[in-house]
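Data first, discussion second: the structure below is written as structure tokens.
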Amino acid sequence: MSLTSLWRAATQHRLFWPVTALVALLVINVPFTPGFFEIHLKNGHLYGSLVSIVLFGSPLILVAIGMTLVIATGGIDLSVGAVVAISGALACLVVSKQGNEDAVGGVLLAFALALAAALVCGVWNGLLVARLGIQPIIATLILMVAGRGIAQLITSGQIITVNSGAYSLIGGGYWLALPFSLFVVALVVVLSMALTRRTALGLLVEAVGGNAEASRLVGIRSRRIKIMAYVFCGLCAGIAGLMISSNVSAADGNNAGLWIELDAILAVVIGGTSLTGGRFHLGGTIIGALIIQTLTTTIYTIGVPTQTNLVFKAVVVIVVCLMQSPAFRAKVFGARAQRRGPARKTPGVPADAPQQMEVSP
Amino acid sequence: MIDRRSFLTASAAASAAGMLAACAKKNPAKSAGSQTGSKQITLGFSQVGSESGWRAANTQSVKQAAAAAGIALKFSDAQQKQENQISAIRSYIAQKVDVISFSPVVVTGWDTVLKEAKAANIPVILTDRSVETSDPSLYVTLVGSDFEIEGERAAHLLEKVLAGHKGPVKIAQLEGTTGAAPAIERAKGFATIMHASHPEWKIIASQTGDFTRAGGKQVMAAFLQAHADIDVLFSHNDDMAIGAIQSIQAAGKTPGTDIKIVSVDGVHDGFVAMSKGQINAIVECNPLLGPQLMDAVKVVHAGKGSTLPRWIKTKESDYTADQAAAALPSRKY
């Protein structure tokens, strides 16, 4: 294989543009922070900008993975931010009521209750969408608005502070010198990839998202699949809520997870999943979430003035989205590509991620 | 089918409204009613919302002070929405309360409703935040903090904290929500003192942490990566400082020693951090303005509103780390 054909294969990989954007964003930091890629060992754990990006980006990755599956079924979940707030609030309330906040049993109880609440939220969304046929954007809007109220009710409008070493592990602690949240994210990613790509589940989700009625007629229980997607999304948001509250050892019903639903949807879109449902790309979503977190960190480290933060973010997001659009690339780079050779083939199937759709034995 | 769907949508919306109403009930209006004679003053108070611990303390102070002063309080929570505040003020006008007071959620857009109050001969007192009006006679006075002075006090506290320090001082600043009055004015006040008397001070990094712990933690983590030599952190509120402390510790430095921290607000957790020596000094921004408000209400009701200053500044103090442990038990918010 010649170098040019390798290059062409690479640029046609659907993760090429997101990964390029991520690398470019990381490299931009180097002139401003020469030691940006350095990672040191401090207090027995790894320390550096890249570690911070993973640590602070973990909740977004989780929420975005759940969001990907919901979007793949043709839905959307606006309530994840509220679920984040509810789960964090409930967990911190339970921990703060324990006599000994460090007790592992109490922390596990808090986790269980918080995740149960997140599960209920997911079931509620799923029932509204799949059973009652309410449009997803409206159905989840209800919990988006009301859920934050519930979180405030749990915290009585205050910030609940906890002093629990065990609780701070999941979102702010380290294990084997790495952020513990990294392991949680890895577990969820591996589980969801295995479930969707190694079993028929992924195919079923894509079928439901492509055409719910048709998939129902061929015998797929599309309602059940949809409910499962919302429940999974709620659970992911619940874990993210534990991480966010654990990261600062406090539950803030008003601000925890505020607007995270929009960041998550953006991450899904940057990752190459269409909002109309159907095919989805978990790997792309993870890259998308990392891009958003890197962008935030970049704004802080290169010293973008506060008032222009959002403009800077908007410009980067627009550029990333445009570069991903085949129509845009054809307009701008089209003339060159045509001169070079035959028309491009359909987007290449990645070699690394298992893409086959057949039902496993 | 359409009927069924719209019915279901409506019932879902109704249940959501019910949930919201349930949430709103956590701040029950403790209007004492008109149990005593016609002498009792009735105050209609519209609160911004219940967005923070500071605000909750503010609400409680107003309610307690009203009860203590024998003033009948009609309280409503606007849930951060101007239209809710305007309709609350209109209902107070309709109920013919004696005095109206509110914490304006935004700066502009109050002229019409304030003119209605004036036409009904009901005096208006602002609390906590100010408004921009075409006609200054639309409100009698403002009871609240001067955020710019708070910034200046923070700079003066930093002078104390840095006593004995020689050479240049590199400062990182955690700003409040972009565009919010406290963020703009605290930065301004701090910069005024810095430029006037401290050429050796330099703000090397400044970003918004949105007044939240998570924001403060994340921004400070990035600051510490980009600037190895930060001497001082000036945080626009305690919550951001508390978040930043965690990042400073993760970077292997000691907050309060390696990096001096000056913050604003004086919430309970801020005092806890200060008593541990992690925050060096706190500028108090006092939400407990109820008693001062009730004094103003009585003066206004007696028809002597013109004797009041246009701005009644809340009573506030400055605290350094050595006072923290002693002050901690008496902190109410």
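Using N, Cα and C of the backbone, Cβ positions are placed for all residues, glycine too.
Looking up the ranges A:76-95, A:256-275 in TrEMBL, the one annotated as transmembrane segment turns out to be A:256-275.
Taking residue pairs at least 6 apart in sequence, the transmembrane segment (A:49-71) and the transmembrane segment (A:282-304) share three or more C-beta contacts under 8 angstroms.
Residues of the same chain lying 6 or more positions beyond the ends of the transmembrane segment (A:108-130) and with a Cβ under 8 Å from any Cβ of it are 75, 77, 79, 82-83, 86-88, 90-92, 94-95, 136, 139-140, 142-143, 147, 167, 170, 222-224, 226-235, 237-239, 241-242. With pairs at least 6 apart in sequence, the transmembrane segment (A:227-244) and the transmembrane segment (A:174-195) have 3 or more Cβ pairs within the 8 Å limit; the two touch.
Counting only same-chain residues 6+ beyond the ends of the transmembrane segment (A:256-275), those with a CB under 8 A from a CB of the stretch are 14-15, 18, 21, 59-61, 63-64, 66-68, 71-72, 76-85, 88-89, 144, 151, 237, 240-241, 244-245, 281-289, 291-292, 317, 320-321, 324. Long-range contacts of the transmembrane segment (A:15-37) within its own chain (CB-CB distance under 8 A, at least 6 residues past either end) are made by residues 48-50, 270-272, 281, 283-284, 287-288, 290-291, 294-295, 297-298, 301-303, 316, 319-320, 323-324, 350.
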